[in-house]
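Some features that TrEMBL has for this protein:
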DNA_BIND  56-125  DNA-binding region
COMPBIAS  43-55  compositional bias 'Basic and acidic residues'
COMPBIAS  97-130  compositional bias 'Basic and acidic residues'
COMPBIAS  145-159  compositional bias 'Acidic residues'
DOMAIN    56-125  domain 'HMG box'
REGION    21-60  region 'Disordered'
REGION    97-159  region 'Disordered'
Amino acid sequence: MNPTTAISFCLFSLNPKGITMKGGKSKGKADNKLGVKKSVPQTKKEKNAAKDPNKPKRPASAFFVFMEDFRKQYKEKHPGNKSVAAVGKAGGDKWKHLTDAEKAPYIAKAEKRKAEYEKNMDAYNRKQAGEADEDEESDKSKSEVDEEDGSDEEDEDDD
């Protein structure tokens, strides 16, 4: 037996339906021995529908505050460049080479925006909690009204 015959013998097997290659893809049903269900990922529309439009947006980091200024400067120097990637790459390189003293104003702006965001989030969360409390109170008042109506009817039956 030559080496190629031995290799061919290992790759093929004989079954009642004919010769099949081992390790090849089957054309029949997939074998679900594990029985693991894959979770269906949500579409973008479903994810966006769940978001509250009144919720405050997260603040930009110091780098993104820097990029706001850098984009303006870069467009003035390179008016013909329309590549977003080129602007981002140039901005990233410049940010890496800035000293801490040069980054300080951007960090200060970012911290100011973060403080404002936290204040807005506290107000938003209080408003959300207030709406939840109102819903619970309205449910209680409905049940209390129902109980009072029921007790009045019982008193009338006793007379």
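Yeah, the Cβs are placed from backbone N, Cα and C, and that goes for glycine too.
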With DSSP helix as H/G/I and strand as E/B, how many residues of the compositional bias 'Basic and acidic residues' (97-130) fall in helix, strand and coil?
32 helix, 0 strand, 2 coil
Whole-number mean of pLDDT values that fall within the DNA-binding region (56-125):
95
